[in-house]
Amino acid sequence: MSITYSAISFSGFSPKSVPFAIHSVTRRQFLNPNTFYRFGFSPSLQGSSIEFSLQLNSRVVLSKERRSLPLVVRNDRPQNEDLPKQYTRREKKPFPVPIVDLRRAARERVKNNKDKPKRPLPPPKNGMVVKSLVPLAYKVYNARIRLINNLHRLMKVVRVNACGWCNEIHVGPYGHPFKSCKGPNTSQRKGLHEWTNSVIEDVIVPLEAYHLFDRLGKRIRHDERFSIPRVPAVVELCIQGGVEIPEFPAKRRRKPIIRIGKSEFVDADETELPDPEPQPPPVPLLTELPVSEITPPSSEEETVSLAEETLQAWEEMRAGAKKLMRMYRVRVCGYCPEVHVGPTGHKAQNCGAFKHQQRNGQHGWQSAVLDDLIPPRYVWHVPDVNGPPMQRELRSFYGQAPAVVEICAQAGAVVPEHYRATMRLEVGIPSSVKEAEMVV
């Protein structure tokens, strides 16, 4: 019996035919794990989702001839994946949906609604809160507090380095050797970083937005930019989603608004309604721990458990915020990181990005994505914390991950499946530069 290797295809690559033969392979030998290495595959691919399919040829052969079986190997999950593109200061962020598709959908919507009675606006467009998303808003708020409190404790046992000249950070006992510093006097240091201690704001980007008492009210003017408080963008999204915080009150309507124009409305009369009774929150709100109460984990088991809880809080916050963004619109400037939680952006002329003079400092508002609201700080993934240091010549073999994920991974947490491709956990790293030059 001979098996002919017909094609091997991974996600994003077209199949290629490379014929070779394996003689006298029985079913038991074929299912043996050692056969995986005799096919010429890397040992790192053994844990991947690889599908083997054997196809018999339809032609009849003589009794003395051996029948050839084409072997097709397919991988549903990519072995490695590039990070999202990082745009320079001179580039504008692309629209999540192309503007041509938006215009086409708008024309189709006007055509379908022609000569039809207007439907009542659903929440939150009618000024009311989506009641089914209120528990989710509380869950996202508490997940953010748990994430911050746990990171304070983990950063006492997992070293996080920050460059003193730029905003780059590195998770590990010492900084990486790559020449990627873009701060002042970088030419004198030849692009090398000067690593110092980091704080929690280096890991979680402190992205703030204006707090709106009425999300359907008038837009914030330029002269009001200092009189309106600013809160973390995720917190503002949770407040508009139904979270009650005494320091940041919000207007809660009990009747839908009455539209009198495209951009004009009046509030419905609520005088005949009884006074609302104060209701307890679905879950109690957590608070951030003071600095004096932050203690490192006492044992290795506690460190691993804390890392798992931190990673779970990170995933809950991102997944819940993504669901809230589907109902409560979030706007982002296409030129700078400014975020506004609301149906339309504010009018504050504080954009200092590329060619802001031509726009008189006004922001170019567009729909935001999850990474605009919760930007992940990508850092280099250290394959072995206790092993040899990272080499500058092997930079293309190392992967990257969000700083929170890398901290939890070095603390002992299991890396989620959707981060393994960018971290390149299944890519073999050469031990030396000479071995890397031998890689085809």
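Cβ coordinates are placed from backbone N, Cα and C, and glycine is handled just like the others.
Taken from Swiss-Prot, the feature transit peptide applies to 1-62. If you look up Swiss-Prot, you'll see 106-126 marked as region 'Disordered'. Sequence annotations record features per position, and here Swiss-Prot assigns compositional bias 'Basic and acidic residues' to 106-115. Here Swiss-Prot flags 162-247 as domain 'APO 1'. Swiss-Prot lists 332-417 with the feature domain 'APO 2', giving sequence analysis as the kind of evidence.
Break the domain 'APO 2' (332-417) down by DSSP state and the numbers are 20 helix, 14 strand, 52 coil.
Taking H, G and I as helix, E and B as strand and the rest as coil, DSSP gives the domain 'APO 1' (162-247) the counts 15 helix, 15 strand, 56 coil. Looking just at the domain 'APO 2' (332-417), the mean pLDDT is 94.
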